[in-house]
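Since the structure comes first, as structure tokens, the remarks are kept for the end.
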Amino acid sequence: MSRFSDWSTKHHFRKQSPVCFKVEIFRSRLSTMCNEDLISVDYEIFGRVQGVFFRKYTQAEGKKLGLVGWVQNTSAGTVQGQLQGPSSKVKEMKEWLKSTGSPKSHITKAEFNNEKTVDRLEHSSFNIVK
């Protein structure tokens, strides 16, 4: 038996350092997320969404929810992008895009297209495309 496994059998995992407790919480969240389908969806947001830090807030909210994808301004004055992640988190982000956005934005319409289940994430982070 290794020194670690011998030690770990004598000590309850939760009574270790706060770092170990955080790892346990992360594993729990990961296993919850792993039980969900991963989905990908394209979006376009209409209204006053340019010049109001909409992309920055979208990136921050996406990262907060653990999603990956991208966001960019369009020449038509809208914001478009793609979201990927666990279905429940994508659903939360879709609601945020429809109703919240950045503090100075005014959303008049949100369109979501090409929603599909994916086997793996196609992006590694959530990027603002210039």
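The backbone N, Cα and C atoms fix where each Cβ goes, glycine too.
With a cut-off of 8 Å between CB atoms and residues at least 6 apart in sequence, the same chain places VAL71, GLN72, ASN73, VAL79, ILE128 near ARG55 (active site), listed in sequence order. Summarising the annotation, TrEMBL assigns active site to ARG55 (among others).
Look at TrEMBL and you will find ASN73 (among others) tagged as active site.
Annotated domain 'Acylphosphatase-like' per TrEMBL: 40-130, in sequence order.
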Note = On the domain 'Acylphosphatase-like' (40-130), the mean of the pLDDT values is 96
Request  = List the helix, strand and coil residue totals of the domain 'Acylphosphatase-like' (40-130) as derived from DSSP.
outcome  = 24 helix, 40 strand, 27 coil
